[in-house]
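Below is one structure, written out as structure tokens; the observations come after it.
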Amino acid sequence: MKMFQSLSLLPRIVSPFRKCYSTDLISLVGVPRVKITKGQNRYLLVNIHTHGFTKYGRVIVRGADVENHLTIFDSILEELEPQGICAKILGGGRILNETDSKKMKIYGTSRTFGSADHTRTRNILQSWTTYKDFKITVKN
């Protein structure tokens, strides 16, 4: 009888693990942390998450040579919404990406979304294997 009582607890034990290893979380981890182009870019610092599955989100950087930050946000939504991932903008700015000389400069603000934490952006870029050897300067 005690064995059956112990087995009745099994769904409560397994449920959190099933939630942690669901396909929604795998798709969140599968989103690249950094996507920026060469040259001068506008960029957004974005917190992504899935409702009901994750307690904390993942912060990503997206940048492109476009007219305004809203265009970048639209492309982020096109990329993430089909996967069921939500995006919250933390701020924006500009990145001067000189890939030939392995230098980057992060500066400025977004008129639409406000200023991003440029130091946090630098840390994310340096953790990415493509940009770990770059000299990244931040100007607030």
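Just so it is clear, glycine is given a Cβ too, placed from its N, Cα and C backbone atoms.
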| request: Return the residue out of Arg42, Arg58 that Swiss-Prot annotates for the same substrate site as Ser110, Arg111, Thr112. | output: Arg42
| task | Please determine which of the binding-site residues listed here (Ser110, Thr112) has the lowest count of neighbouring CB atoms within 10 Å. | result | Thr112
| His69, Arg111: which of these recorded positions has the highest Cβ count within 10 Å of its own Cβ? | His69
